[in-house]
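Here's the structure, in structure tokens; my notes come after.
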Amino acid sequence: MSKALRAWLLLMLIAFTAVVSAQAIDPLPFRDHAEELRFQHLTSELRCLVCQDENLADSNADFARDLRHKVFELMQQGKSDAQIKQYLVDRYSDFVLYDPPLNIRTWLLWFGPLLILIAGGFTVGYTIRKRSRAGTPAAPTDNGDDW
Amino acid sequence: MTPELGQLALILALMLALAQSILPLVGAWRGNRALMAVARPAATGQAVFVALAFVILVWAFLHFDFSVQYVADNSNLQLPWYYRIAAVWGAHEGSMLLWVLILNVWTVALALLSRQLPEVFLSRVLSVLGIISVGFLCFILFTSNPFGRLLPMPPDGADLNPVLQDPGMTFHPPVLYMGYVGFSVAFAFSIAALLGGSMEQAWVRWARPWTNAAWGFLSCGIVAGSWWAYAELGWGGWWFWDPVENASFMPWLVGVALIHAQAVTEKRGSLRAWTILLSLFAFSLSLLGTFLVRSGILTSVHAFASDPRRGTFILCFLAVVVGGSLLLYALRAPKVAGGKAFALISRESAILIGNLMFTVAAAMVLLGTLFPLLGDALNMGKISVGPPYFGLLFPLLMSPVVLLLPFGPYLRWGNSDVPVLKQVLVRAGIAAAACAVLAAFFVQGQLKAIAGVATAVWVGVGVVLYVIKRWREMPPGRRYPAEMAGMLLAHVGVAIFLIGVLLSESLSVTRDVRMAPGQVAVVGGYEFRFDGVTQTVGPNWHAEQGVVTVTRNGAAVAVMHPQKRTYAHEQVQTESSVDPGITRDLYVALGEPMDPSHIEGAWALRLYTKPFIRWIWGGGLFMMLGGFVSAADRRFRVKREADAPQTIATPVQESQA
Amino acid sequence: MSRLLPFFAFVLLAALLGFGIWWNSSHDPTAVPSPLINKPAPSFALPMLDQPTHSVSKESMLGKPYLVNVFASWCFACGEEHPVLMAESKSLGIPVIGYDYKDDPNDAKAWLAQHGNPYDTVITDESGHTAIDFGVYGAPETFLIDGKGVIRYKRIGPLTPDVITQQLKPAIAALEKEAP
């Protein structure tokens, strides 16, 4: 990594520590509580690009505030959640989505656990089958300590 | 001069760790008792020197020795003494020293409490722990020396990150490390068993209390971390599926599987290879967590400053320890499935299914955590994997576990009666359904909340029924052996946890409001009245402090004081105010004044009501308690005569192998 | 064989982690590549810093390539980048537009007066609204836009002499080859 880049990262870090732990408290003129809930849910699933480990709802970065206001504005224009997400993806790529869309690139992510579960399930099934045929399992004892 | 003594102490500790790792291993191999006898004194000596180094670092913090770079970076003259102590592990170098210190605590405890273990076996165990210690001491000395000097000495230091200036921070890392590092004991036992070859089963009984205790600490550490994030980070959330949180959660999940698999292996002789593998996994994931936090390869709120040299070192160490142990497993793991047979409906089967789910859950967390890196590697672009992913898959994977849980204690080893299980199904099922219907009236049809009540009652009633059964059927004194009591406590913890998670997630109300003094906002049935902002000062900060008076139907509930603190170096930190309660938390965070030049005017505030959120940590603490109580079972401490002949034969067998 | 599976899984994992260390030592881990590369630049019309009544728009820039450099007086790293731009901007052979991002125009004027002005034109986006369309999330960032108004290259973070010679100048040269 170049020296300048390193210095830049360091400076970014310094610049952000000042704001990173403050609050993202940002009262907006919602029409009703349902809209506020929708806004909270939507912004909590969007990732801030500046403080990359915070969602838009929690980040106090100036940039996050701008995007929150943009999301609010789009909601006021009657855009759906999907449209708002697409608006941000068009500009900032899939990175903004904490909920990765299912596509060829994320196939392994979404179905990997299922594959492991199936493979493991077969192994467990095989083991139980084998062990239940390995001999007569001891009849249930009732001595009380065998729990 | 003193800091150099600290470094010298670490070098001496490294020498002793080398002796501890090499000599007893050679001794066990050659049957040389003199070499094996080195293990204990070397371990004790190493612990003394590491403790000395640790104390010297604490002393440097307490005495403001800013000529030590680490002290100057992480404390200043205004920092109160308790946070100066916590600052010892507030950043990378010192936290590694704490890691090694805790490893030494476990090693010495093991050396002292395991006098009944066969000499050969214990030598191998201590030797493995010595190898781990060598790795980490080298890591500290070569890449992360906490005693590096800063000359000329600055008149004052920087500051401990204000986020870390919280009682939770004094507590969270040591306890978490007790858990992480505690899994090294089960790991070392497994390696020793693999090396020995013949003790496929006996070691498990010796390892069990250590595993349970380590898991208890890990539970406690995670609870403390979650509580700290909730109270200090000011977002009111308790779990963020952040890479670093995941790093602590994976060993915990595998730990749950391990605790249960160990019970099977100890009591029935089954799943020997699997238990060994899980022991290796649990500690490997702890090491991986250390790697992820410190290598900087994943961005995270909690990550320490990254340095590729450190990442490379830990990766090499991981390759040696984890790669080596898995290779050893491939070569030496018991080949033949041993142990008593079991039927489909038996406790073994249920534990196997539970093990499967917990292991897959850990694998899912690992996949989700590392997937962004895989995205870079396969040139698929930047991908974020966050709470929506984990929050969907994790409950799906855990639901079979929750459904099976009430049956656990009723299932017998080997083969189980079906009628008694049906009885549990009916009773717990009716109770759960009845409570769900009742709950539906209170929670305005929130499905998640109803599910929370139903699953918690399902699990809880299952446990309570078993408690009653034991009470009726067994004579006093034999009703609840510690091992069983621990299991029941941990399972009750699951029920409490379910209530906490599902009710708080579905019923919490959050509002960002703009309030002028005297204005009232109603959130979740509580009236929050904002009474303005005053100035206040603390030991190393000054703050604007809001006064919020909470009432319910006119009756006073609480007066809350959320703050916006400014620390040295102008770091701003919000200090939320929480009014805790069994059925709900009230939570207020202070934002910014609407007009910065008029702090006596209107402010932005975030108000929350969080029903039952405390039950989340309550559940975690019950689980922790379960781990500790079962670890204390007398059965684990009594030496069984039957083990003796089996273990003495070991050296001979190994030379043949 | 099945006993070797955990070992092989670990080898894969270790390879991935090793890749992560290598990757992060050669890339900025926080840089998020823009999806707008090789897509038409968003339309914009922003006032000029020194003549707020005049504005520069996408349409007015069509016809030949130009560089847009996002900067702000509040941005530390822009100070790092500034001397490089002062030295190199004239040698690029294309107009360099300064894009003053979320900044008070007076601060920006003072900043440029103090450090020198490497730009052919400076436009201001005080609210940062247009910057969202460009996918800007920090400063400095630099866009290379061709004569048809398509974004061809984006740099996140400061331009350095290395970046200019190894990435930016070849990209400009490629544009010139396309449309002589």
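Each Cβ is built from the backbone N, Cα and C atoms, and glycine gets one as well.
The domain 'Cytochrome c assembly protein' feature in TrEMBL is assigned to B:89-295. The feature domain 'Cytochrome c-type biogenesis protein CcmF C-terminal' is assigned by TrEMBL to B:315-634. Marked as transmembrane segment by TrEMBL: B:6-29, B:41-62, B:96-113, B:125-144, B:249-266, B:273-292, B:352-374, B:389-412, B:424-443, B:449-468, B:480-503, B:612-632 (among others).
Between the transmembrane segment (B:352-374) and the transmembrane segment (B:249-266) there are at least 3 Cβ pairs closer than 8 Å, counting only pairs 6 or more residues apart in sequence, which means the two stretches are in contact. For the domain 'Cytochrome c-type biogenesis protein CcmF C-terminal' (B:315-634), the mean pLDDT of the prediction comes to 92.
Spatially, the transmembrane segment (B:449-468) is not adjacent to the transmembrane segment (B:41-62); fewer than three Cβ-Cβ distances between them are under 8 Å for residues at least 6 apart in sequence.
Against the transmembrane segment (B:125-144), the recorded stretches B:41-62, B:249-266, B:273-292 differ in Cβ pairs under 8 Å, and the greatest number is found for B:41-62. Below 8 angstroms of C-beta separation, residues 2-3, 5-7, 9-10, 12-13, 16-17, 19-20, 23-24, 68, 70-71, 74-75, 81, 84-85, 87-88, 94, 97-98, 100-101, 104-105, 107-108, 111, 126, 129-130, 133, 137, 146-147 of the same chain, each at least six residues beyond the ends of the transmembrane segment (B:41-62), sit close to that stretch.
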